[in-house]
Amino acid sequence: MQSAMKLFFIFLIFVFSVSCGPSAPQMKTRDVLERTHKCFLVGGECKSECSSWEYEYVFCYTGPCCVMREYKRVEKFSNTPKYTT
């Protein structure tokens, strides 16, 4: 009886340890989202191939992240003076 209980507990420990953690499809989905977000942060776009005036930043799920060569950061506040009348 004790050996059957030991085997049962070992089986339970194995089942619970294998079932914990993210599955492969969840990890793949998270990786795709992270790569797409990194591409978006630098002002890029995930495409099948980049043009001659773009460079490859990182690889997205669908292909390279194409960023314009003359990338300039978007400023939150405009430095141009406002005209008031």
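Glycine residues also receive a Cβ, built from the backbone N, Cα and C atoms like all the rest.
Record features, source Swiss-Prot:
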- 1-23: signal peptide (SIGNAL)
- Cys39-Cys65: disulfide bond (DISULFID)
- Cys46-Cys60: disulfide bond (DISULFID)
- Cys50-Cys66: disulfide bond (DISULFID)
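In this structure, of the disulfide-bonded residues Cys50, Cys60, the smallest number of CB atoms within 10 A of the CB marks Cys50.
Distance between Cα atoms for Cys50 (disulfide bond) and Cys65 (disulfide bond): 8 Å, as a whole number. Cys66 (disulfide bond): 20 other CB atoms within 10 A of its CB, across all protein chains. Cys46 (disulfide bond) and Cys65 (disulfide bond) have their C-alpha atoms 4 Å apart, to the nearest angstrom.
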